[in-house]
């Protein structure tokens with residue numbers, strides 16, 4: 001380990017033996033990572049009751065700048081996925097008429113005055129209908145109210161409220177919202193409005209529902225910060241990746257994490273184990289495991305076969321040979337497949353064990369965190385010492401431990417795919433792969449060693465120490481906390497610049513490293529409202 005990162009005295013520099021438990025039934029650690037709050041958040045949480053206000057804020061902006069009605073503004077925004085900048089760019093480059101046409105809007109054509117008292121509906125083909133039961137859309141097409149109601153009812157019930165087209169053949173015009181509300185029942189109108197409101201989330205690349213289960217009812221709006229992938233924290237406490245909506249997983253890319261979770265959940269490695277440790281009976285094809293040294297295998301179906309080559313044989317044999325049988329030619333392809341299965345199994349086991357070990361540590365350290373915070377608060381109230389009155393050095397160290405432990409756990413799935421052949425087989429030569437692997441593992445090892453030291457020091461009973469020893473512990477913790485933070489930062493820089501940088505990022509963008517942890521979204525509040533921000537510090 002480099003001298004730059006050995007900044008502790010001997011008492012705090014001893015290595016702790018790793019003793020990770022391996023429980024067959026485990027789940028991800030559900031721990032509070034103390035989400036960061038900021039007055040300049042890169043995300044906002046929009047609660048269910050604020051969705052209308054959030055949508056209205058953008059609608060008003062478009063209505064004022066383009067001089068359009070609310071329903072027209074909403075239709076435009078839905079078509080352009082609520083991307084106001086893109087909408088204004090199309091308006092500037094192509095003009096209003098072209099923009100309207102693409103979105104399914106028409107410039108209103110004044111209705112011609114007619115003296116006819118009765119009219120014909122071209123949908124139901126009814127003649128002699130009174131003009132007052134006929135409704136005309138802005139595109140100019142007119143049909144009877146019963147046909148319109150039937151059309152609207154079907155579309156709303158099918159979930160197509162956001163873009164209900166005119167019934168006329170090949171007409172691409174969107175039906176007026178006010179007309180829809182006027183003709184359908186109040187219950188259906190409420191459902192229609194709910195779909196229009198939810199469109200702000202479901203058709204908006206910058207807003208997504210919180211994936212909490214059960215659903216907390218809130219949505220998260222990402223504020224443009226130059227990063228394609230970000231990790232956010234909802235007010236309900238859930239922290240997740242804004243891009244793929246899974247749990248926070250950096251430094252893994254979304255694709256890496258998806259593949260890793262699937263690999264952990266499915267039976268791919270079980271199949272590898274069976275391939276390595278069993279042979280198929282040549283008669284019934286059931287897998288047989290060898291339990292002793294004899295190469296003559298006997299299946300439950302009664303078939304005898306040779307363990308070495310898998311060929312069917314008779315039962316007469318000695319310890320070293322089978323009567324009337326000699327193994328055939330060297331099965332080169334079969335041996336290669338077996339060796340590959342063994343290699344893949346060993347590799348997966350290596351990375352998964354270390355990934356799981358840090359997850360297990362994270363669970364145990366959650367209990368440690370609670371105990372430490374209780375001690376710090378208790379001492380700040382009972383001891384007249386300045387160091388106890390200001391115990392941010394303890395909470396900072398605990399938060400740093402959790403942030404770095406999570407990063408460490410997910411650095412193993414990253415390494416599994418970064419230096420394997422599944423994703424980047426053709427992106428680098430074997431020599432380049434080995435160089436990059438060594439570079440990453442050196443940084444990973446430095447981070448791992450210092451995180452274990454941090455965990456060990458935090459286990460000390462500082463509430464029993466005298467003032468002088470507490471000050472000494474505070475100095476070491478503060479120093480080590482900064483070291484771990486810097487190592488995390490350097491690991492991310494290595495990944496972004498040295499590992500993924502030379503490769504076209506494509507599907508492998510990662511969320512940026514944030515020294516203070518995943519940022520909690522501030523609460524959206526309409527300008528006219530008097531609410532406060534839950535995420536303000």
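Note: Cβ is positioned from N, Cα and C throughout, glycine not excepted.
Here Swiss-Prot gives zinc finger for one range in the set 70-120, 121-171, 325-375: that range is 121-171.
Between the stretches 281-309, 397-425, Swiss-Prot puts its zinc finger entry on 281-309. Looking up the ranges 1-30, 31-60 in Swiss-Prot, the one annotated as region 'Disordered' turns out to be 1-30.
A mean pLDDT of 90 is what the model gives for the zinc finger (190-254). Here residue 171 (Zn(2+) 2 binding site) is compared against the recorded positions 249, 254, 294, 301, 306, and the shortest C-alpha distance is to 254. In the shown protein chains, 18 other C-beta atoms lie within 10 A of the C-beta of residue 216 (Zn(2+) 3 binding site). Ranking the recorded positions 234, 241, 294 by the distance of their Cα atoms from the Cα of residue 284 (Zn(2+) 5 binding site) places 294 first.
Neighbour density at the Cβ, taken as the number of other Cβ atoms within 10 Å, is lowest among the recorded positions 294, 306 for 294. The record gives 121, 124, 144, 147 for Zn(2+) 1. Within 8 Å of the mean position of their Cβ atoms, the other Cβ atoms in that chain belong to 122, 123, 125, 126, 129, 143, 145, 146, 148. Its Cβ placed at the centre, residue 284 (Zn(2+) 5 binding site) has 12 other Cβ atoms within 10 Å.
Considering only the binding-site residues 236, 299, 301, residue 121 (Zn(2+) 1 binding site) has 236 as its nearest partner by CA-CA distance.
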